[in-house]
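Peer 1: Sharing the features that TrEMBL gives for it:
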| type | residues | note |
| --- | --- | --- |
| BINDING | E79, D153, I155, D156, D298 | Mg(2+) binding site |
Amino acid sequence: MAGLLQALVGASEKAAHIARLCRREEPLFQLLVAEKTGADRNRRFLQDFKTLADVLIQEVIKHDLGKEFPELQGHIHGEESNEFRNGQGETVAVRVCATPGDTAALLLSVLEPERAAAELLAAAVHQDVALGDAELASVALSIPTQDLAIWIDPIDSTNEYIGGREDVAPVDGIAPAGLCSALVLIGAYDRRTGCPVLGVINEPFFHRDPLTHRWQGRYHWGVAYGDMRLCSLSPPPLRPTPCVVLSRAERGAVRAALGPLCGDRLRFAAGAGYKMLCVILGLADAYVLSEGSTFAWDACAPHAILRALGGGMVALAGALRARQAGDTGPPPELVYNCLAEGAVGAERWANRGGLVAYAYPQHLEAVLAAL
C-alpha cells in the first residue's frame, strides 16, 4: 500500500522534528546538555534524558503507524524499552495519550519539575505532519501490510546527537563524526521471510539555514518488493576502485586487508546508519564491519533502500565461510525476523559476525576477496 510508505515518511518527519526540538528549545536543550557533563550530570533523573528522547520518538512512531494500520499493532519493534523509573521510584510507561495535556502530564511524571520541557514535547507529539511531496504521493504500491513488520531506530548515533558537533569537516563528502550522522531509521520487512521491503532514512540535521540558523532535514526512501524496485534516489555510479567506509574502532587486520583494494580510499565515520547512508548516496561503495555490534533496527531501513538501488547487505562471517567452502553463489542477505540463538536482551537481534553493505555486487565480491 502506497499509504504505508507515506506513513513511514511522515512518521520519520515527526521524529526528526522532535529531535531538532530537543536541541533548539532551551528547556529541552538544557536537559541534553546535562548528559554531557559526566560526574556533574543532572542526578534528578534515574534514566538519562537522551534515552527519554529516543523512547518518545519510538513510541510516537509506533502510535502513529499503529493507529493508521491496526494490522501492524504488535509488529512494530524498536530499540528501546518504554519503561522508566521516576524520582519517586514509580515505574512510568512512556506512551502517546489521547490529548496533548494527558501526554504532558505523563511526561512530567518522568521529568518533574521540568513542566515546560514536558509541554513542548507533548505538543510536538500531537502535531500533524504535512509532507507536500508530489513524487511520494504519486507512488502506487500493492504490498499487503498484514504481511509486514517494522523496525525503528529512533535516533541512530545517539552519542553524536548529544555531542552536537557541527564543525567536523567532511572528507570527500563523508563526515567523520558530528551531528549530521544522527539519523531516524524506519524499515519494514516481510514477517515470513525477514526480507526488508520498505526503508526510510531521515537526516534531521542535514543543513542549517544561514538566515534562521534552524536545522533543516531531508529524507530518502526505497521499496524492494518482489520485482518492484522504487527509490527516491538514483543508483550511484560504478567506480573501478571502491571506496570503503569503516568505524574508527575497526580492527587493524581488516584495515590492512582492504588497503591494497582501496588505496587511499578508506574512509572513517561514526554511526552505523550513517555509514550505510554513505553507501546509498554513493559517497562510499561499501561499508565493512567485522564485529556484531549492529542490530536489526540499525540495518533494516538502509538495507531496503540498498536493495531498491541494486545493492544489499550480507553477514560478513557467513559470506567468508561460504567462500572458503567453495560456494560460488551470492552470499545470503541479512534478514530481520530471526533471533540469535542463545542470546538474551538486545543481543538477540544483533547482526552477529559483522556485515558488508554494498552498492554493487562487483564491489561486494572485491571486498570479500580482499578479506
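Just so it is clear, glycine is given a Cβ too, placed from its N, Cα and C backbone atoms.
Note that the coordinates shown come from a computational prediction; the quantities given were computed from them, not determined experimentally.
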Peer 1: In the same chain, outside E79, D153, I155, D156, D298, whose C-beta lies within 8 angstroms of the Cβ mean position for the Mg(2+) site?
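Peer 2: Near the Mg(2+) site, beyond E79, D153, I155, D156, D298, sit D54, I152, P154, S157, T158, L183, V184, L185, G273, W297.
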Peer 1: Hey, which of the binding-site residues E79, D153, D156, D298 is the loneliest by Cβ count within 10 Å?
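Peer 2: Ranked by other Cβ atoms within 10 Å, the binding-site residues E79, D153, D156, D298 bottom out at E79.
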Peer 1: Looking only at Cβ atoms, how many others are within 10 Å of the one on I155 (Mg(2+) binding site)?
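Peer 2: Looking across every protein chain shown, the total is 28.
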